[in-house]
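Over in Swiss-Prot, the protein carries these features:
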type     : residues                  : note
BINDING  : 481-488, 527-531, 581-584 : GTP binding site
COMPBIAS : 83-120                    : compositional bias 'Basic and acidic residues'
COMPBIAS : 128-148                   : compositional bias 'Basic and acidic residues'
COMPBIAS : 157-172                   : compositional bias 'Basic and acidic residues'
COMPBIAS : 186-202                   : compositional bias 'Basic and acidic residues'
COMPBIAS : 210-246                   : compositional bias 'Basic and acidic residues'
COMPBIAS : 272-288                   : compositional bias 'Basic and acidic residues'
COMPBIAS : 314-333                   : compositional bias 'Basic and acidic residues'
COMPBIAS : 343-360                   : compositional bias 'Basic and acidic residues'
COMPBIAS : 374-386                   : compositional bias 'Low complexity'
DOMAIN   : 472-641                   : domain 'tr-type G'
REGION   : 52-388                    : region 'Disordered'
REGION   : 481-488                   : region 'G1'
REGION   : 506-510                   : region 'G2'
REGION   : 527-530                   : region 'G3'
REGION   : 581-584                   : region 'G4'
Amino acid sequence: MVKKRVHELAKELKIESKEIINRLNQMGINVKSHMSTLEDGVVERLHQLYRPDQEEVKPAAAKPPAAGQTIKPEEVAPQAQPESRKKDAAMLDSQKPDRDRVQKNGRERAGKATRADHYKGAGLVERVPSRPPDRRFQERPKQSDKARPWGQPRADQGARLKTADFVQERTRSARAGQDYSQPEKVQQERVQDRQQKERPPFEKAQQPRPQHEHKPQDSVKERPHPERASREADNAKRAERLDKGAGKTAEIAYKSGLKALEKAQVGTKPQRAGERGARPGGLHETKPKKNLAPGDAGYAKLWQEQTPVIPQKLLDDRRRQTEEKVKVTEKQKQQAKSQKLVKSREKRNAMAELAEERLRPRPAVAGSRKKGAAKPQEQAQKPAQPLEKKPIVLGESTTVQELALKMHKSPAELIKKLMQLGVMATINQEIDTDTATILAGEFGYEVEVKLPVDIEAMLMQEPEDDPVSLQDRPCVVTVMGHVDHGKTSLLDAIRETNVTATEAGGITQHIGAYQVEHNGKKITFLDTPGHEAFTAMRARGARVTDIAILVVAADDGVMPQTVEAINHAKEAKVPIIVAINKIDKPGANPDRVKQQLTEHGLVAEEWGGDTICVNVSALKKEGLKDLLEMILLVAEMSELKANPNRPARGTVIEAELDKGRGPVANVLVQNGTLNVGDTLIAGAAFGRVRAMMDDKGRRIKKAGPSTPVEVLGFSEVPQAGDIFVVVEDEKLARTIVARRQARKREEELKSTARVSLADLFKHIQEGQIKELGIIIKADVQGSVEALRQALERLSTDEVRVNIIHGGVGAITETDVMLASASNAIIIGFNVRPDVNARKAAENEKVDVRLYRVIYDAIEDVKAAMSGLLEPEYREVTLGRAEIRKIFRSSKIGNIAGCYVLEGKIERDASVRVIRDGIVVHEGKLESLKRFKDDVREVVQGYECGIALEKFNEIQEGDIIEAFTVEAIKRQLT
């Protein structure tokens, strides 16, 4: 026979697998899961346990009921009892010796044996003789709980308890004559303990199956169940929670049944609280007043007389009413649950409509409020009217959810439409303005794009001032010209200082800002470098100036940087005053200078033009007053005004990193007033003004328009030429600077082009170009910028300059390590390396070059780049020889006997063989001999023997030409 699994047996018995597993564990059979297999004997025992009706015997003649049996009203007289009932009394008597033997071993085990003998039946003795305790479960099937209302006690519980009391009483009477008889109090306590405490595992295996798995069978009597009281109590509590009305009805019926039974009972005491009660309309088994055994005469008659009979129709009616009420309660619960779901859904819809109503722009209210009576009708008609599709206002970018709210559509519709358009998007994904416009057009909406207000753009846009608040301001004058034409010397003469003597090489390499006073009016001078490397500085000076002074040496005339300065001034649209300097020199010719200026569009006033020309001598201080008068005249004609009562705005002229003071910026205030404590922004740097110094080094607390000052307090060194603006607070400054830095990073990432397959060969070719890596450190930002531009102009197609890093301040150890890693040199301009940097440079063998004059640095870099250039190769012919005789040797090969026609033939030279004007071979000499001696060279007019490497096909009359290749170094132009 095939072994059955637990779940197959459960399906066959129509019960749960878990219940079978629990029952098998109680019987002492270990089962792990529902897939475990069972032996045939175990399956048969479970069949007998859960289907005892299959082993029923045929009914015999009616007999008196045995102890422990329950007699239903409809089965008392008319039906015949099974033959197994006949043996109950005999079995009780036959088991008395066993009980006595067990009682000698222990009182508690005696009580258990008594109860086990009482519950034994004759139904399964023949089938399972090996486990007698299980036989009491096979006696007869139990009645299903479906036949009674939920929560009501069973009708046979009281009878079962009374039968147990009868058995105990019978046992005590049988033991009355023994020495080890137990008091009645101890026996009662033991009965209560057996009813309340949990059974040991052996007795747990004998517990009956659940009552709800089998249909009720009227032909079989119910057997007692010791643990049903607790389960029935739980069912009663559950029934009370489900329906109070049904519970009250059941309680009334239960109490009425108890009263009827108490009146009908003879010789029994009333039911106490805590004991198992009877089912409404059920039976109470009564304990006979007389001590009659089941086999005694008159026992059955007394039993039937004391058992009241309740009509079955009354029980069925009460059961039907209770079941209907339970069904009504379940139906009400389902209705309440569905109503709750509907209310929650309506609430969510109302909240969504309220949110859309708040986002929707409200139309203007027209007319009076007297038309309020017609509002409900208008609202009822609103859904029928088509919605007016107003233009959707969008910003720079929007999410799908925001666009759906504005269009009164669900996000799913928009996502579906985007998928149709080939765009995969989520509900929170941002889409650009173009995509949003196309998507809105698909639904018939127009789009208006309104970009958000850019705070940075508003700050950079200079507002218009009220003409009443404008005041006169000093003019800003920029001195421009060629190098060594005397710009700084002229300013020294005006300021009565000696700045030129303190500058390296006698040339200006920074923008200097000064302020002088003449005739009670202030003039601000900006001194720009004249060297060609400082083009950016000159252009920056021309942008911030009001008047440009073009200094031209009378002996040199117009030079390249002079022309560049003229172009900067014209581009900035500022008036130009020409100062012809060095008129005291012997070779001075001012007229020639004026003639040259006319070639560039500057015509002197005395020649009918509008350009003011002043002859000055900075060395002898001649013509300075005339120059200042002309400056004030042009400024007065220009009507220079500014508003000092507003936040300051200006330009960063120069910036540097001071070791003791940190980032320092020379700024020119162009409008407003700059105060100590103001928060300002300059490019990617921001800060609070901690201190200000004027051009003479004095601390000041405020600086008005056209005032050059030195500002301390920046977070980092700003770029020269940046516009600085005073803002309200530091928080706003940080926000704007963060945006600028993020924008700068994005631009750098965009500028980094990706290498494609088509450009791969191009990049390979570029890899063959030699590079000279340079790290620039200078004292001011302007010098770094000038050096960078000057060195980058030296790059050619074969060698180029790679500026790895440029910064302001002293040379540090970090710069040295960067140069070592990138194989670069360090150029320091007006700065020195610290101690650690010098030691690191020696250890890493990094070349550090220090300069104070910019053109010295440019010349050295040019020489270094020239050394990287590939040299040019040139061929030099040494001599020619004619082959007149051929000598053949087995070891060497053919030897040419030659006569040197011109020049000389050297042994290490390269040769080529020419036959009839055609080169037939080019190679090296293997040997050169004169007679039998090896020689280094043979000059013109002598004979020699020549052997060629790897070439023997020589002929008489061939010409051997000797030559060498020379390498010629190249220079950068």
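Cβ from N, Cα, C; glycine included.
Taking the features listed in Swiss-Prot, we show where each one sits on the structure.
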| residue | record | DSSP (3 states) |
| --- | --- | --- |
| Gly481 | GTP binding site | strand |
| Lys487 | GTP binding site | helix |
| Ile583 | GTP binding site | coil |
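Neighbour count (other Cβ atoms within 10 Å of the Cβ, all protein chains): 18 for Asp484 (GTP binding site). Averaged over the region 'G2' (506-510), the predicted model reaches a pLDDT of 44. Per-class residue totals from DSSP over the compositional bias 'Basic and acidic residues' (314-333), listed helix then strand then coil: 20 helix, 0 strand, 0 coil. Other Cβ atoms within 10 Å of the Cβ of Gly481 (GTP binding site) number 28 in total over all chains.
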